[in-house]
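These notes are about the structure you will find just below.
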Amino acid sequence: MRQDEATYLLSQTRQGFTVPLQAGVPAWLASRIRQAEVIRVVMLEDVHPVFRPHNTLQWVQNRKKHPPTPAGCRGTDPPTESEIPSNTRRSSITLGGSGSEDMDEKAPAPITQEEVVTSQTAPQDASQDAPHRFSKTAKKWMLFLISCAALFSPLASSIYFPSTKAISNDLHVSLDKVHLSITIFMYLQGIAPSFWAPLADARGRRITFIGTFVVFLVANIGLATSDSYASLMGWRALQAVGSAATIPIGSGAINDFTSRAEIGGFIGIFSGMRQLGQALGPVIGALLTQWLRWHSIFWALLIMGSITLAAIIVFLPETLRSIAGDGSIRLHGIHKPLWYSIKDQPYVDDGRRRPEMQPVNIGKLVLEPVKMLGEKDVLVNLLFGAAPYTIHSMVTASATAMFKDTFGMSQLQVAASFLANGAGIVLGSYTTGKALDMYYKRYDAKYRREHHIPEGLSLKTRLLRDFPLEHARLQTTWFVTPIFIATVCIYGYAIALKSLPAVLVLQFIISFCAMSVLAANTTLMLDMFPHAAASATAVNNLVRCLVGATGVAVVQRLIEGVGQGPSFLIFGILTALMTPLLALEWHFGQRWRAERMAREEAKEEAQKERAQSPC
């Protein structure tokens, strides 16, 4: 092999280009390239599709097809070793004799861990993909604050359920009309994040959090002073728009500062804490309605929301990678919390500068999450996840009337009965988060053994098309889905038999299993779209809420038509009919994800070629 060929192959590998090793490559160079390939897999994002030679001859042919770009013009030709900036290549490399036709077979010193760090930190935008600099304690405090903010989306929905009969009596409208306000709320909860979430992915988590909370607080003032059905519907719709996006924005923020190995646990805690809103909402709503009438519900939301907004303004820093990087970029303006004016921002590297913000096309941003539904792996994953969400929503929405009509409970007894549902929600989210981390670590270790990757290097598994993310994230779903289906099928008959202990136990199991499926579902969506986490969560909420709202709209009528037992038996059978979607995602999800990633890479390269075409 000629020296210039070896130099070029090594430079391409070290820059992140794929160079398969076959005949014609000396043993020492093959070893060096393999080590560089580990660095590429672990540290680098972009893989250039133009030069992917299968062997040295293929490299020569590609070199002839793609000659160097004329001087003075920006082309798409990858750099040679001499063109690589000194801070991105090893200055002490020795590639054998000068001008010799065949390279010396003696292997130079191996690439060290220090070089791995250099490869990681060399590019100007490397902070966008480097492990976050926040300490474990700082991450936990941020998780707590973000979870408190996300709590208001389910809280605003569930706190309303126990007051439906009181609202019906005070406003002199039918119970069906009050239930219609729940359906409208859920529809808008699904649609609104399609606007807020892309804005959070483009302009930042912090500013979007503040904007959504301002809308939410204004809506609560209107609801607290409403005295007609029309004003209730209007302000309730605005409340949905303001509260809905806190979950996708929070998921995006968590994705910003966590690694793949820890995100499962963080999402589990996040889901569990925010689902406290769904668990405690009916309890709080029932108590407030009993003691202070239903208007007090919205005054309570206003007070709690104002405290949370103040905490966000004072303490929550921007986390979006394109703005804050790995936490080392100094924050300014709206992205900087007031606390950093009192105490200097930690982890800052003043040598790093924030990249310039690109113009935002709002129309395009709104359509981006919807486009995700055109991907097979996304659609299959979301449709299956919508089933347990809908069943759980129907169980919760119908519970108040069921407790009062079947068991003759008072408002306070209804509030206490919702605790079983709440316990299942919290425990299901938390335990599944721990299980997701455990299974991920198992698959990570197995992948390292199969590919001979050292334990000390952190894998960017979201970029590896052959890493079984789907298996790592869906393991728990296989266990809980059969239990969920069986429990739903017998739930209605337990109500018909008027067995309160059985009903409460079944509600706990249904809530536990539903939250387990949803936690795994959400984590997989974040893995599939790491650079658009808020948008991925938004489209997840879109499908869930639209299907769930439809279920809530029909559940009471179906129960009145055929009875409790047959109604929930039908719901259980429908869920069972959705399980083939889980099998499809398990067996074909990785292939579909790889195909999608290949299309995205090809599209990006085509855009680069158009932008950097020769003069």
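Any Cβ shown, glycine's included, is placed from N, Cα and C.
Transmembrane segment is the annotation TrEMBL gives to one range among 374-393, 414-433, and that range is 414-433. With a threshold of 8 Å between CB atoms, the same-chain residues lying at least 6 positions outside the transmembrane segment (141-160) that come near it are 134, 181-182, 185-186, 189, 209, 213, 216, 239-240, 243-247, 249-250, 253-254, 257, 266, 269-270, 273-282, 284-285, 288, 297, 300-301, 304-305, 308, 311-312, 315-317, 319, 396.
Sequence-distant contacts of the transmembrane segment (414-433) (same chain, at least 6 residues past either end, Cβ-Cβ under 8 Å): 162, 264-269, 271-272, 275-276, 278-280, 282-283, 285-287, 290, 395-396, 399-400, 403-404, 476, 504-505, 507-516, 518-520.
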